[in-house]
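Below: one structure, written as structure tokens.
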């Protein structure tokens with residue numbers, strides 16, 4: 001199965017993306033524009049509003065009307081008109097892939113907004129800058145600017161854009177495989193838009209939820225949400241783009257290639273209506289993937305060579321897919337050296353940008369190519385074996401749990417509606433009784449109705465609390481499942497790339513190294529538990545360190561000392577990921593290399609784990625990702641500490657030369 005980037009729409013503002021509706025609104029605004037005198041505030045505002053409506057229709061028109069608004073606003077020194085024109089400029093230049101100009105204009109809008117102390121415009125400006133950061137994959141900046149935006153938008157009660165922020169955060173969390181947070185944010189966004197009776201945005205959020213379930217392989221829920229999205233508002237073109245891409249992917253995964261082509265073609269046609277070059281090339285890329293699966297290589301190549309790769313600027317998932325498709329094309333033609341060249345380009349992009357799922361698939365293709373180049377059937381079997389393990393575990397860990405979440409959400413939503421209707425009926429009945437009772441009866445019934453209302457309200461509150469408690473327990477379980485999933489190797493290293501030249505020169509020795517790597521990977525992927533025995537983990541790090549010692553370009557020394565009972569359970573892959581981080585962020589970057597000391601001791605009914613390295617130190621490596629060895633385990637212990645009387649702790653100590661990690665885990669610590 002070929003993994004591809006699934007479109008998740010991110011709200012660029014609080015606009016209405018319905019092509020036919022927007023065209024009607026634009027015509028109405030243009031007629032209204034003629035009523036205003038030029039060089040007035042109203043004239044500037046009307047041009048900005050028309051520019052905004054053109055977001056879903058024609059990007060060049062966005063610039064044209066924003067420019068008209070900007071000229072008038074400058075002449076009148078009209079701050080609000082300037083701000084909105086700069087935001088329109090920012091969005092226009094983002095779509096034209098000119099991110100420097102886009103950022104320049106958005107920051108100009110922010111500076112003016114702060115100067116005039118307009119909370120709503122400050123919030124919109126922060127939101128707009130956050131969206132640009134999202135496009136550029138600057139995730140930390142995204143969260144920072146969104147939080148700033150939400151703070152100011154709450155002051156101005158602009159809940160529609162807050163709903164958009166939640167949608168975008170959900171898309172961000174989904175990209176990080178944090179499906180728990182993603183679902184919460186999506187449904188929160190959906191709730192806000194339903195309250196606002198904004199069908200267009202509701203449609204888009206439903207499409208995004210469909211994308212989430214598809215990324216987890218749940219075709220039933222995915223298809224349901226895509227069809228809901230289309231039914232909410234039939235002429236929402238961007239919703240259809242997402243839905244058709246999702247349905248095409250679903251049928252591709254089911255190996256129904258003709259059905260997949262049908263939906264990709266529909267998505268392509270809509271992209272042409274919108275005149276959006278990125279989506280045009282994106283759907284053509286999807287079509288090329290299907291033709292590769294059908295072994296229709298000439299058709300795939302014809303599409304690939306006509307794709308403008310520049311339209312994928314800073315969209316790393318799509319660019320990686322473009323290079324991989326070329327690699328698969330040459331693989332099908334048995335031109336393995338050329339195939340290797342393109343797969344290596346895709347590998348580099350996916351590794352540098354932490355696109356883990358695509359990296360694993362690229363790695364599988366890379367091994368298949370090496371197997372053909374070096375005539376090694378073991379490598380070919382290994383790639384298929386590891387791919388099947390990843391697929392099975394991925395689905396098992398997520399699908400049932402998230403299906404349960406969807407069911408509980410729907411049940412809670414229905415119960416809330418029923419309670420609301422019952423409450424309305426009770427109020428109506430009470431009102432009728434009070435009207436019939438006269439003044440004395442009115443006083444009596446008012447008191448009785450109030451008592452009944454308060455009693456029912458308390459019952460409703462208790463029921464709601466129970467529902468929320470059940471949802472929270474489910475979320476906690478999901479959090480544990482997702483943390484457990486993250487404990488898998490965040491990369492199967494690029495050791496395969498380091499070893500592969502040796503396979504030809506020194507097959508027996510390279511075979512032993514490959515066996516050690518396979519043992520490490522099999523141990524990592526074959527467990528459904530969040531824990532593993534100390535005995536297994538000590539063997540893992542012995543294999544791992546001995547393997548790294550042979551491939552690292554610098555000196556590596558290590559010692560392992562254990563006095564704890566080896567059948568004791570600790571978080572799975574804890575030791576392996578911590579020593580891996582010591583090498584990756586410490587010793588590997590030090591010219592003279594270094595040493596790792598692993599100590600496991602028992603201290604007063606506590607298991608004490610110490611990983612001490614002599615690398616470059618965390619402060620010097622601060623720009624590097626701290627990786628699975630830190631954040632994931634910190635989050636894991638924080639989650640588990642909520643249900644344990646005695647708490648575990650995870651401490652990182654910066655030394656003058658190197659880093660030390662100290663972990664204390666109570667012997668009776670519960671992991672469920």
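The first residue you see is number 1, and the count goes up from there.
Positions of Cβ are set from backbone N, Cα and C atoms, glycine also.
Any TrEMBL annotation is an automated prediction that lacks curation.
Note that this is a predicted model, so its numbers are computed, not measured.
Per TrEMBL, the feature domain 'Signal transduction histidine kinase internal region' maps to 478-551.
Feature annotation from TrEMBL assigns repeat 'TPR' to 320-353. Here the repeat 'TPR' (320-353) has long-range neighbours at 2, 4-5, 137, 285, 288-289, 292, 295, 297, 300-301, 304, 307, 309, 312, 359, 361-363, 365-366, 368-370, 372-373, 491, 494, meaning same-chain residues at least 6 beyond its ends whose C-beta is under 8 angstroms from one of its own.
The signal peptide annotation in TrEMBL covers 1-20.
Per TrEMBL, transmembrane segment is recorded for 434-453.
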Per-region confidence, the repeat 'TPR' (320-353) (mean pLDDT, whole number):
91
So how many of the residues in the repeat 'TPR' (320-353) end up helix, strand or coil by DSSP?
30 helix, 0 strand, 4 coil
